[in-house]
Amino acid sequence: MSFIEYSDLIQDGDVAIVHLGHNSVTAVKVHHGAQTQTRFGVIRHSTDLIGQRYGSKVTCSKGGWVHVLHPTPELWTVALPHRTQILYTTDIAMVTMMLELKPGSVVCESGTGSGSLSHAILRTIAPTGHLHTVEFHQQRAEKVVEEFKEHRVDHLVTVRNQDVCKDGFGVTGVADAVFLDIPSPWEAVGHAKAAMKKHGGRLCSFSPCIEQVQRTCQALTDRGFEEVRTLEVLLRVHNVRPVTLQLPDFGPDSSSSFSQAPEEAPPSAAPNPAPLKIKTTTLPREMPGHTGYLTFATKPRT
């Protein structure tokens, strides 16, 4: 099992995603002899998981069932243990596109946090790219190193425990793109520029507050970055559901009454038309609001 290569069968030591229901998933480390408790009963790893195909329907001890899925960055984002606030798929998709990431890209990231964006970057730049990620907090840095090894992507990433605003990314002139998710990104713009290749590249900064955006945009302009722009991505899901429409009865056609003979009896009342069944979309009663601002900029060729 790897987050960047698909495997057919569940093996001992894999990280599997157990799908319990709509918007309810959990990550499970598979081990011989281990058990996982769910609201549907116990899942026994040795008999219920190991050797089964990913995507299988597994029956639990109470008779309920779950699906066991192959891990992907999208599933990891909703199942990971939160050590910090994370980026979700809506923002991640915009970041990977606007940074123009592709297989072979070299990316610098700070801070690593819970690793939500890191896994998406690693899948995008595999198999020949590399991620240099910096995390200020020592325990979080150690934990994400452990997770990268479990997910078998550690050969694509270098984790550094340091302050990016003071010490930089630990590399110079190698990055095609830089991502900043720190409280004061304007203090790291100089180090980001130094880490990027001479022929230029793309930079993205994620900030929840507009005051952070203002200072970051000013720092980017002062450092000679071009095409500075800020986006906010809002997701609105339309719910598809069937509805039944009762067609109105407008009575007989009035135009036919003029051609009707005087001695002819009036027609009997027509039955009501059959209801019309269609599918339509409705907006949710609530929708997620502001998550953060994404500021993008381009380092020109030097």
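Each Cβ is built from the backbone N, Cα and C atoms, and glycine gets one as well.
TrEMBL entries are annotated by machine, without manual review.
With a cut-off of 8 Å between CB atoms and residues at least 6 apart in sequence, the same chain places W76, L80, V144, E147, F148 near G115 (S-adenosyl-L-methionine binding site), listed in sequence order. The S-adenosyl-L-methionine binding site annotation in TrEMBL covers S114, G115, S116, L117, E135, D163, D181.
The compositional bias 'Low complexity' annotation in TrEMBL covers 248-263.
Here TrEMBL flags 264-274 as compositional bias 'Pro residues'.
Taken from TrEMBL, the feature region 'Disordered' applies to 246-302.
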So which one is it: of the binding-site residues S114, L117, which has the fewest other Cβ atoms within 10 Å?
S114
Binding-site residues compared (E135, D163, D181) - the one with the fewest other Cβ atoms within 10 Å:
D163
Same chain, 6+ residues apart, C-beta under 8 Å of the C-beta of S116 (S-adenosyl-L-methionine binding site), given in sequence order:
P73, W76, T77, L80, I86, L87, Y88, I92
Between all pairs in S114, G115, S116, L117, E135, D163, D181 (listed as S-adenosyl-L-methionine binders), what's the biggest Cα distance, rounded to the nearest Å?
20
